[in-house]
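*Asks:* Questions regarding the structure given below will be posed in turn.
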Amino acid sequence: MVALRLSLLLISFITTVRANPVFRNLVVHEARQGIPSGFLSKGPAAADTQLNLRIALVQSDTAGLEAALLDVSNPSSANYGNHLSMDEVETFVRPSVDTVAKVNDWLATNGLQSTTSSPAGDWLSVSMPVKQANELLRADFTVFAHHETGKQAIRTLSYSIPIVLKDTWISSIRPLRTFPNPRKILPVFSSPINSVSNTAVPSSCASVVTPACLQALYGIPTTKATQSSNALGVSGFLNQFANQADLTTFLKNLRPDISSTTTFTLQTLDGGRNPQSPKQAGIEANLDIQYTVGVASGVPVTFISVGDDFQDGNLEGFLDIINFLLGEPNPPQVLTTSYGQDERTISSILAKKVCNAYAQLGARGVSILFASGDGGVSGSQTQSCTTFVPTFPSGCPFMTSVGATTGITPETAADFSSGGFSNIFSRPDYQITAVSTYLIALGGTNLGKFNRTGRGFPDVATQGENVEVVLGGQTETVAGTSCSSPIFASIISLINDQLFASGKSPLGFLNPFLYANPGAFNDITSGNNPGCNTNGFPAKAGWDPVTGLGTPNFDKLKKAAGL
Ligand SMILES: *[C@@H]1O[C@H](CO)[C@@H](O)[C@H](O)[C@H]1NC(C)=O
């Protein structure tokens with residue numbers, strides 16, 4: 001302890017001598033009250049531990065980006081479908097020359113140099129040892145451990161920046177006070193291996209869900225898509241690998257009408273891989289690939305494997321993959337991700353930055369879909385709680401959150417389907433009518449347990465229980481909203497295929513279109529999502545925070561899209 005204090009004093013002295021006086025007055029920029037539940041302090045971080053920090057610079061026109069996104073995504077707008085180019089998006093996002101110069105001046109004054117880490121230059125990376133970061137940012141970097149998983153992270157509960165940089169120049173520094181999500185994956189929960197007959201037909205869909213069930217339930221075409229410029233991206237994280245041999249078995253069993261050698265392409269970032277040994281097949285990755293290749297017949301599918309060398313701190317690649325796609329001239333028009341975390345593990349500034357990155361991709365015509373989570377109202381996974389736990393990124397208004405249903409007579413909300421209301425993002429215009437109608441019908445139920453002004457999620461739902469997959473050559477059934485996101489994404493890709501064939505734009509950011517067409521959904525009116533010692537939210541007529549607008553009716557969605 002004493003030694004640490006001394007070295008801090010020494011640094012403090014040196015810095016004061018060298019610092020440009022204009023950067024000397026620090027103000028608290030972000031702070032959180034206490035340690036999030038489940039984490040313990042293990043004491044100060046070692047002074048010489050190297051920290052990789054990311055600085056988010058203030059964008060030139062965030063409001064302009066959001067307005068442009070809504071303008072091209074709202075079916076009643078004259079600009080509907082006129083998506084922006086990479087350049088047009090970057091014009092809104094690129095920080096001013098002055099902003100970049102001022103931040104780099106501050107860093108240089110402290111002997112530090114940054115590198116640009118996003119295509120538009122709105123993120124900078126900089127490395128420094130803990131002792132320097134503690135001084136520079138008037139922080140108290142500490143080792144925190146999660147008591148269940150033992151996972152450790154170096155964080156500070158607050159940090160400061162020079163008053164001259166506040167708000168005008170820096171919008172956030174990462175990773176500082178955001179806590180790692182100890183259970184970031186939404187693992188599909190897998191039932192004991194069933195021996196499932198290879199000739200499952202729709203009458204069996206009440207107990208085992210297959211692509212044929214989904215085709216029958218939602219009217220999904222079995223004919224192959226034709227457009228090679230169409231692409232469906234599937235995110236892979238946490239060393240979850242998608243196995244081609246399992247996909248082949250899956251297609252042989254369940255899509256005998258298409259070639260069993262149908263494959264997917266691979267893109268990697270942050271050292272991502274996709275090794276093919278059967279032992280390395282990941283249940284999440286296999287599910288995601290089998291229910292895209294196997295449902296979006298003929299649509300080119302890309303598995304995007306994010307490795308462990310992520311540059312975005314404990315977002316663990318969530319931001320990297322979006323920046324990666326923003327840097328591509330032609331990113332896939334649909335991206336599905338079955339990973340997420342609790343919203344409370346993320347600072348609101350950072351959550352807004354990631355959400356802004358989705359807005360950038362959306363403005364370029366990309367539909368971004370995420371599984372809503374598997375803990376009902378208790379978060380991404382079941383946990384004890386007193387107030388409801390919204391998930392991330394489902395609270396972001398610029399993506400589409402997919403919940404889960406089960407059964408066929410009638411199709412009912414799955415009880416694990418996460419849904420609720422964000423504590424960070426307020427309700428976007430496109431869902432005001434749908435959500436207020438629900439809140440009126442809900443009355444006083446769960447009063448005080450959730451944020452009545454927040455963005456409501458999920459937006460839509462599909463089947464998510466008893467879903468048949470192949471893993472390591474074995475057939476089994478899995479459950480989770482992890483099933484639902486790739487299924488809904490496949491439907492959107494099939495509609496995009498037909499849009500391209502008739503010379504039209506892809507659907508892009510979906511929500512204004514979806515909420516303008518509630519009649520294109522099978523309304524789910526039974527079931528609920530328990531958690532936090534409550535029954536959670538009940539599904540009701542119209543939108544609800546368990547199944548959103550409901551499950552898709554392909555033909556009606558197609559008509560709504562002008563086909
Ligand atoms: C409720 O949500 C709003 C955003 O709609 C947010 O500003 C507010 O802080 C939230 N309240 C709580 C208690 O989290």
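Just so you know, glycine gets a Cβ as well, placed from its N, Cα and C.
As listed in TrEMBL for this protein:
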SIGNAL    1-19  signal peptide
DOMAIN    208-563  domain 'Peptidase S53'
ACT_SITE  GLU284  active site, charge relay system
ACT_SITE  ASP288  active site, charge relay system
ACT_SITE  SER482  active site, charge relay system
BINDING   ASP523, ILE524, GLY542, ASP544  Ca(2+) binding site
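So that I understand the layout, could you describe where these features sit and how close they are to other parts?
*Replies:* The local packing around GLU284 (active site, charge relay system), expressed as other Cβ atoms within 10 Å of its Cβ over all shown chains, amounts to 25.
Neighbour list (ASP288 (active site, charge relay system), Cβ cut-off 8 Å, at least 6 residues apart, same chain): VAL234, SER235, GLY236, ALA242, PHE303, THR336, SER338, SER482, SER485, PRO486. In the three-state DSSP scheme, ASP288 (active site, charge relay system) is classed as helix.
Look at SER482 (active site, charge relay system): DSSP puts it in a helix.
According to its DSSP assignment, GLY542 (Ca(2+) binding site) is coil. For GLY542 (Ca(2+) binding site), the same-chain residues 6+ apart in sequence whose C-beta sits under 8 angstroms from its C-beta are ALA434, THR437, TYR438, ALA441, PRO518, ASP523, LEU549.
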*Asks:* If you count, for each of the recorded positions SER482, ASP523, ILE524, ASP544, the other Cβ atoms lying within 10 Å of its Cβ, which residue has the minimum?
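*Replies:* ASP523, out of the recorded positions SER482, ASP523, ILE524, ASP544, has the fewest neighbouring Cβ atoms within 10 Å.
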*Asks:* Any of the recorded positions SER482, ASP523, ILE524, GLY542 with a C-beta atom under 6 A from ligand 1? Give them in order, or none.
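*Replies:* The qualifying recorded positions: none of them.
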*Asks:* Using the recorded Ca(2+) site (ASP523, ILE524, GLY542, ASP544) as reference, state which further residues of the same chain have their Cβ within 8 Å of the centre of those residues' Cβ atoms, listed in sequence order.
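*Replies:* Neighbours found: PHE521, THR525, ALA539, LYS540, ALA541, TRP543, THR547, GLY548, LEU549, GLY550.
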*Asks:* If I take the alpha carbons of ILE524 (Ca(2+) binding site) and GLU284 (active site, charge relay system), what is the distance between them in whole Å?
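*Replies:* Per the Cα atoms, ILE524 (Ca(2+) binding site) and GLU284 (active site, charge relay system) stand 26 Å apart.
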*Asks:* Rounded to a whole angstrom, what is the C-alpha distance between GLU284 (active site, charge relay system) and ASP544 (Ca(2+) binding site)?
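*Replies:* Just about 27 Å between their Cα atoms.
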